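**Q** The feature signal peptide is assigned by Swiss-Prot to 1-8. What Swiss-Prot records for 9-71 is domain 'LCN-type CS-alpha/beta'. Under the heading disulfide bond, Swiss-Prot lists CYS19-CYS70, CYS23-CYS45, CYS31-CYS51, CYS35-CYS53. Here Swiss-Prot flags ARG72 as arginine amide, drawing on similarity to another entry.
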Amino acid sequence: IGMIVECEKEGYLMEANGCKRSCTLRPGHYCANECSYVKGKNGYCYAWVACYCYNMPDSVKIWDSATNTCGRGK
């Protein structure tokens, strides 16, 4: 008998250009909605700069400083 366990992750939502999803000048619920859209359970606008989400599926791409491509034209 097997069991499938999906590890859920947290982190900054990432745009197609590799940058963090900005929440500057957005309404308070913006990040929570964006996190919900990718099947995250909760999220908020971190320091009024970028959307941070909790409990997202492993398939969601998140921003990572080690692989950051923001502003590099990729």
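For all residues, glycine too, the Cβ spot is worked out from N, Cα and C.
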**Q** Calculate the distance in Å between the alpha carbons (Cα) of CYS35 (disulfide bond) and CYS45 (disulfide bond), and round it to a whole number.
**A** 10
**Q** Within a 10 Å radius around the Cβ, which one of these disulfide-bonded residues has the most neighbouring Cβ atoms: CYS19, CYS45, CYS53, CYS70?
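**A** Of CYS19, CYS45, CYS53, CYS70, the one with the most crowded Cβ is CYS53.
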**Q** In three-state terms from DSSP, label CYS51 (disulfide bond) for me.
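**A** Where CYS51 (disulfide bond) sits, the three-state DSSP reduction gives strand.
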**Q** Just to confirm my parser: what is the rounded mean pLDDT across the domain 'LCN-type CS-alpha/beta' (9-71)?
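**A** Taking every residue in the domain 'LCN-type CS-alpha/beta' (9-71) and averaging pLDDT yields 95.
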**Q** Looking at the recorded positions listed here (CYS19, CYS31, CYS53, CYS70, ARG72), whose Cα lies nearest to that of CYS45 (disulfide bond)?
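**A** Closest by Cα: CYS31.
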**Q** At 10 angstroms around each C-beta, which of the disulfide-bonded residues CYS23, CYS51 has the fewest other C-beta atoms nearby?
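**A** Minimum Cβ neighbour count within 10 Å, taken over the disulfide-bonded residues CYS23, CYS51, occurs at CYS23.
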